[in-house]
Amino acid sequence: MDQERARYLNEVGATLLCLNVPVGTQLIFDNKQMLAASLFKGYKMIPEGLHLFSYSAVNVEDKESISPNMNSCFIWFNKSQVIVKRWNVADEDFESSTTIQQQERDAYIQSVREHEFDQNLGAYPVDQESHLEWKQLTDTITQRLLDRILPIGGTIIGDLSESWMIESEKKNKNQTSNDRKEREILDKLERDLKDFKSKYNNEIEEDDNCDDDDNNNNNEKEIKKNNIEEVKETWGIPYYSKIPKTPKNLTPVQLSKWNMDRSQALEILLKRYYAGWEIEGLIGELQFSFVLFVYGLSYRAFVQWKSLLTLLLDCDQSVKDRPQLYTRLMVTLRHQFQVGPSDLFSSDLTSNIFLKPLLKNFIESIFTSNNNNKNDRMDQDDENNNNNNQFKKNNNNNNSILDDDEDNDIITTKISRSKQPTSTTTTSTTTTTTTNNNISIENEKEQQQLNSNLLKEILTLKRYLEFKFKWHLDLFEIPDDFDQFNPYDQENEDKPMIVITDHDF
């Protein structure tokens, strides 16, 4: 990178200043991992937009081992913004943003702007492929989604050690976990909850000493107690969308329909959480869960990603109703498969039980439905042609009958007069019908284009999976007219696996 470009990126890029970070602390910024060195003070030249900062404290007893617990926070950087974080040695975590006094914070920000920390700040890899990769993985996540989904305080508590501990207990019930980091994080969480509860209990006791007999006081106490319980359940855990459960009192027919096609459940979820911004909301949450699982090592995020993907790939009617949503889903999945852990997609546990059957059934249902729709349209066109031919034949017969009536001038005159307003009405009706037909034709063309885009993305994803993981996803024979969309056939085998389209930029 030349000096002029470096100077420009330093001016417009944001800065994350990290103070007092212990040597050996594991740090992940977006999709780049590193261990903190003695002079490390943070990152500079950060492009504006969404970024993920994850960290895990070094194990003092065994510095070569890395704790499985990793805390994460999503940060939306503005142009030239400076964010200051300071490590707390006792808590082995970064302090809350309110801990640093504003005057001290302003002094650090001014020092950054005067380039006093430049030698200690790592440059963000703006010009590397990893940055494009990160943008593709998170291009649907918005600030609106972060406001809805992030937990209280904004920091997501690492939970991967919980799944490890469960597996360890299954293998050997006599063994107990000696993970010091896990114990300390749980203790810290318990202390925070106790402090939070103590604060609100004191306020409730003060309310008890008041002489006001109004029932509103009791309601406020109850609300505060409920808030404490809610904080216990959601502390450090994102507010993920909940997959709708099977409704009660369904008839056997309704129950079968609910289980065979999950479109009703998907529509309930969209209406509950993302009404009016379905693509940005739902696909954004899918991207949020994936990057948090892969780079933030969150087991809960993997469970949510799997749940959302299972729901989306088990809907038939929603694919027809929301082709744009599913087109965006296919693009997102392709990017995720390109960077995700290979064992996640190639192991027997996930590929044979989870991903592969889902994708097979989804692709089969899409193309089966598409072929049926083509046949229905052909039948409809034949029926319309027959009706038009019959209409023309009737008109010709009527004209020949009128030509034979040459003796009834008065009747002909009356008929002519009576037909004048009818002709005007008919012309108006014909114009309206023509306009409606044009609108209908335009809508049909637009719908066909949306469906065509969806089919292209599905085939691109299918060919990529077959090329990379050697999966065979054909449960049927794909028509020849779709082969032109295959970028992974034998003719293209020397080309790179990553397919970049125009809208990726």
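Positions of Cβ are set from backbone N, Cα and C atoms, glycine also.
Automatic prediction, not curation, is the source of TrEMBL annotations.
Bear in mind that the values here come from a model prediction, so they are computed numbers and not experimental data.
Copied over from TrEMBL, here are the features:
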- 13-151: domain 'AAR2 N-terminal' (DOMAIN)
- 204-215: compositional bias 'Acidic residues' (COMPBIAS)
- 204-225: region 'Disordered' (REGION)
- 240-375: domain 'AAR2 C-terminal' (DOMAIN)
- 371-438: region 'Disordered' (REGION)
- 385-401: compositional bias 'Low complexity' (COMPBIAS)
- 410-421: compositional bias 'Polar residues' (COMPBIAS)
- 422-435: compositional bias 'Low complexity' (COMPBIAS)
Quick check on the domain 'AAR2 C-terminal' (240-375): DSSP residue counts for helix, strand, coil, in that order please. 108 helix, 0 strand, 28 coil
For the domain 'AAR2 N-terminal' (13-151), the number of residues DSSP places in helix, strand and coil: 32 helix, 48 strand, 59 coil
Restricting to the domain 'AAR2 N-terminal' (13-151), what is the model's mean pLDDT? 89
